[in-house]
Amino acid sequence: MGIGFKGRKTLLRELVKYMVTLCISLVVLALLYIFINTIAMNTGFSHPANYNEREAEKLAPKLETIDKVTADMIPDTMSYAILNKETKQKTAGTIKEKDLQLVKKKIEKKPYVNYKQKGYLVIERNNEYCVLQYSLRADFSSPLLRKYLPNYELTSICILIILLIIVISIITTYFANRLRKHFETLNVITRYIKEQNLQFTPEFTHIKEFDDVIDSLIEMRDALQSSLEALWRLEKNKKEQIGALAHEIKIPITIIKGNAELLSLSMQNEEQAEYTKYILGAGNQIEQYIYQLIHLSKTEDALTIHLEKASVDELTETLVKDISAYKGNKNINISFKKENLMKEAKIDWQLLHRALLNILTNAVDYTPEGGTVSVHAECDSEIFYFFVKDTGNGFSEMGLKKATELFYMDDKSRHSKGHYGMGLTFAKNAVNLHNGELTLGNTIAGGAEVRVKIPLRNE
């Protein structure tokens, strides 16, 4: 398909653009750093690294000839020490003893290593040495800044590193957001396809690699749409054929039942009466089967929902009576729990009644003698909950996936005479027409559980 125009960008081009932008920004930042440092030096805001060394050299002649060196003669940017000429021991000063070891090696002209970028000037006096210690780093000219901040060199480097991190983060975030936007375009398209919402117009990114993926997704969408349309037509034809066949079968079944009923009224021996009873029973089963087929063939196409204000509580009460009658003499316990049922809500009473009754009759049929069917009906402000549990064999793994499909019968775990795989199918279709949700599961004890949630509307 393609977007059909020249000059589309590529990911490589975007990457090169990112690298060039980043490099230019870093170079500009470095030049700005140099410019600001130059301004700071020229305006006297900071002193160069050799400033203290020059000041010490200027001070040396005075300290060499003065009678006594005192602390007030030494600038606050320097430390000093007075050493005895013979013993090399400190007699006064502020230089730490550890640093004096380097000074002694320097006086004795022995090799030493200075790790701390400190300079030392040894001034020889009559009976002593005066040693000045100073920093070989650029520093602030302001005593206040020197007191509360590290030296100017370290402070400016820290600020530079912070600015580098900020610039890199801003540029990287900008380009990352541009790429994220393109990825989001892909996510939107894949989400539409996943939800089978295929009537959408794709938005291209104008980046070759992304647009190639979008082209592939569009081709997949078109193929999926064609497949779904073919499947829909096939399903529609199947339902039409099922409905037509069911109507055709009704006529001979009605004739069979009518003749069987006439036979039952005639003089028959016991064996003939038994056979006639079998014919009528089988005819009733087939008639019920056909009735369900006709309704299922209309569920999604012809069957419409008629919402009217009805009592949810009354619906539940009717279900209690109907399932109790359906149970008959079967030795099972039906536990019905009702909570906060709304007096009125807009529902299709007949449709919902039949759907929920299908679920209940399934539970009764699959529950063995002595078992229990538990029903919980409850409303909150927006949802009608209807949960049914039984103590039968539960759904198999395949049954959990396919039990609501037409004609599916889970023979391995929930086989029951008289079931044709249509009850849960109708229930699910009816729940869907109410914009509700029907889910299947198994209880911890191993029985089946059907959960229905119906959104309620009061208006």
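Numbering starts at 1 and runs along the chain as it is shown here.
Every residue, even glycine, has its Cβ placed from backbone N, Cα and C.
Taken from Swiss-Prot as is:
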{"type": "DOMAIN", "residues": "244-458", "note": "domain 'Histidine kinase'"}
{"type": "MOD_RES", "residues": "HIS247", "note": "phosphohistidine"}
{"type": "TOPO_DOM", "residues": "1-18", "note": "topological domain 'Cytoplasmic'"}
{"type": "TOPO_DOM", "residues": "40-155", "note": "topological domain 'Extracellular'"}
{"type": "TOPO_DOM", "residues": "177-459", "note": "topological domain 'Cytoplasmic'"}
{"type": "TRANSMEM", "residues": "19-39", "note": "transmembrane segment"}
{"type": "TRANSMEM", "residues": "156-176", "note": "transmembrane segment"}
Should anything in the same chain at least six residues away from the transmembrane segment (19-39) have a Cβ under 8 Å from its Cβ atoms, list it; otherwise answer none. 45-46, 156, 160, 163-164, 167-168, 171-172, 175
Excluding the flanking five residues on each side, which residues at least 6 beyond the ends of the transmembrane segment (156-176) place their CB within less than 8 Å of a CB in that stretch? 14, 17-18, 21-22, 25-26, 29, 33, 36-37, 138, 150
Kindly report the helix/strand/coil residue split of the topological domain 'Extracellular' (40-155) according to DSSP, in that order. 42 helix, 30 strand, 44 coil
Have a look around HIS247 (phosphohistidine) and count the other CB atoms within 10 A of its CB, chains all included. 13
